[in-house]
Each structure stands twice: as C-alpha cells, then as structure tokens.
Amino acid sequence: MGSGSVSVGLRAMFSMLTPNESSFERVEEVPPYVQQATPFFVGLMVLEVVVGLVKTGRSVVTISDGLTSIAAGMVSRLPLLLLRGCELSAYMYVWERFRLLELPWDSAWTWWFTLIGVDFGYYWVHRFAHEVAVSGAAHQVHHSSEYYNLTTALRQSATQQFASWVFYLPLALAVPPSIFAVHIQLNLLYQFWIHTELIRDLGPLEWVFNTPKHHRVHHGRNLYCIDKNYGGILIIWDRLFGTFASEEDKGPGVVFHYYRYLWRKSKAYRSFSDKLWTFLKGPSWKPGKARLGDHVDNPKVTGKEVPHDPSWSLPLQAYAAVHFLLVLWTYHELFQNKMMLSQLTILGMICYILLTLTSLGFIMEQRPNSGFLETFRCFVMMMMQRYNYLTPPLPFLTVPTEAFVSLSLLFWALQSFSQVLSIKRKSD
C-alpha cells in the first residue's frame, strides 16, 4: 500500500476525503473503501489496547469478546460475496427507472449534499432499528457486547441491510449511484472510531458531530440513554428531532436468538393485532403500553453487574487467536480475489469461514462437544491447504502453517477420542 493510498484509507476512516478524490462517474469505479479499511481497523484496535494499558493499566478488550465482535463483522459482510448489497441494488433500481433529475457527479455541491442526505437517511435507519422490534432483532447484534471498544464497532448484523435500503431511496431521485456508493461506505467507516471509552470530550466538535462521548450514551443501558443519539456522522439530527441526550458522569458500564424471543412473545398474546404489534412496535412494547413501551420496566443498572468473560486457559486463548488470524487472512483474500473465483468456490469458502468462526466460538464457550467440531474443522482446513484453497500471508509460512494445522488436528482428535472413551466407561 503506497503512501497515497495509506493517506486516503486513513482519512476515509474519519470521512475526511475531498470531493475531488472521491467523486466517480460510474459505480464500478468506486473503491471498496470498507474492504480496504481492514489494516486500519486492526491498527486502531491495537493502538486502543496499548493506550488503554498505558492509561488504565488494564486491557480494554478481552480475547473472547473481541474475537466474537470481529467474527460478527466478518459474517455481516459475507453475503456481499454472492450478492450486491440491498442498499445499492435498490438504489440503482429506483435511479434507472424513476429519477426526476440528474445532479452532476463531478460537482462538489452534489458530493456535500449526498454526505448530508446519507447521514439523514442513516439517522432514520438507526431510529427505526431501535423503535420497531422486528428491525431491532437484527440491530441488537451490535448492542450485544458488554464492553465498549473499537471491536464493538465491527459487531454488525448480517440482516439489517434488508430493511435499511428503504430510507435512502429518496436520494435516488436525483443523486447518481456512484456518489451514493461513496458516502454509504464513508458513513459506515466514520462510525468505527466513535466506539471507544478512551476519548472523553472533543470540545466544540461535540455540538455538530457524533463523537465517542455522544455514542457512549447510545450504547448505555441507563434509563436516560435508551433510544437516544441515533446520528451517524452528525449529531444535529438528534438535536432537531428530540432524541439527543448528553453524557452524564460515568456510571456503571454495560443475540441472533432475539428473533426466537419475539416469536415466543407474540405467541403469548391472543389477538392478532397484539401479535402483529409485537414485531412492529418498540422492543419494550406490551399490550396497553405506549408505542415504545415503558422503560421503567427495564432492569435497573446497579453497577454490580459483572461482564461475561469465560475463564479459559492462556494456551487455548493463543490457539484461538492464531486460528482466528488465519481465517481473517482467508476472509481478506476471498474479498480480494472474488472476481476470479467461481460462485461454487466462493460458497464453499463462505461455509469454511462460518465453520471456523462457529468452532472457535464453541471452544471459547467451552461446550462439551467442541472438540469433535474442531477436529472436523482442522481436517477440512488441512484438505483445503492440500489443494491450495488456503494460502498463508507469506510463502515462507506455508510449512509452519501446515505443521500447526496438522498438530491441531492431532490434538483435538486425541481429545475427542479420550472423551468418547470416557463416555463409554460411564455407560458401562
């Protein structure tokens, strides 16, 4: 990566690109800013850990929570390997058939108008995700961590985009898709760095922009934090529409299964309307309550809550971290080379990534049968290395990586065999 592209990539993280360097005539010319941001994600996360250790004497990230957050981010992007994003596909459909006028793609005015328009759309996307339960079932993935750090920013839902596209369609009546494709990425990237507790206050910038201070409120569980501060880049929308809350003195800190919870909740009601409103009103709604429910019913934050942090050995943490880095490299390479691969190969690689993330998750949770799944996964990984579907970041790492995977397979096979013998003895 040259110095020019490093500068562009770093400034894209803070939505600081100029119209000159980020205006394109065709969608195909728009760089994959989010995909190119991976080194900056990693670099800033490492920097946060180092600064956190220096400032507080403790790590702001735990291995289990950090890996889970990054894994969720990886899964959220996998559908894009097979399909163009819902937001851009729907946008182009409306643009090609219903546009009323065509703003010039190379105008700075168009660029700035789109930045504001996309952020305004995002405010309503985000508010909808909190105030309509079925959309909240997707968005709750992002709020499922008990920690607030840069890895939390990557904890994204794979299904939220299936509802968010609607809110950007008015822009398609006038704004070229190429400019929209730039800003939908920059808006997302900007929101990465605001997920930190290490930046306390940014002075006058707090009046206009969304900052870590404002977004901490949004992630808070305290009653004054609920349904507040939805902005993406700008906080002015919250100030205009009455959803803004200032951060109070630091108080106590603060799941795919939510769809199942909504379904069970709806089944408990007799009338069809109550069943329907379970999905379409706020997550706290109950019959007889206001549209968003009564937040007084929410569990109180006492400060005695202990974040979930499974106790697992340091060698096991190191093992999971190494295999996670290997699958992260596979994920990166898959996005880099997707145009040269068949759909069948891409689908197979997606299955392998999901298998790896699931198996490592089982190990972190210390599930009783995690050894059997990890044995199978290591065997699959060894076969994929054998047929060159998996390659290490550097050629000289080929032999060490293959040896590590072989030893991993042997270890988990012995563990599984020992477990089978133990079960057999108990049954006898």
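Cβ coordinates come from backbone N, Cα and C, glycine included.
What you are looking at is a predicted structure, and each value in this text was computed from that prediction instead of being measured.
Look at TrEMBL and you will find 113-243 tagged as domain 'Fatty acid hydroxylase'. The feature domain 'Alkylglycerol monooxygenase C-terminal' is assigned by TrEMBL to 316-402. Per TrEMBL, transmembrane segment is recorded for 33-54, 165-186, 314-332, 344-364, 403-423.
Non-local neighbours of the transmembrane segment (403-423) in the same chain are 319, 322-323, 368, 371-372, 374-375, 378-379, 381-382, 385; each lies 6+ residues outside the stretch with a CB under 8 Å from one of its CB atoms. Counting residue by residue with DSSP, the domain 'Fatty acid hydroxylase' (113-243) contains 79 helix, 2 strand, 50 coil. Taken residue by residue, the domain 'Alkylglycerol monooxygenase C-terminal' (316-402) breaks down under DSSP into 73 helix, 0 strand, 14 coil.
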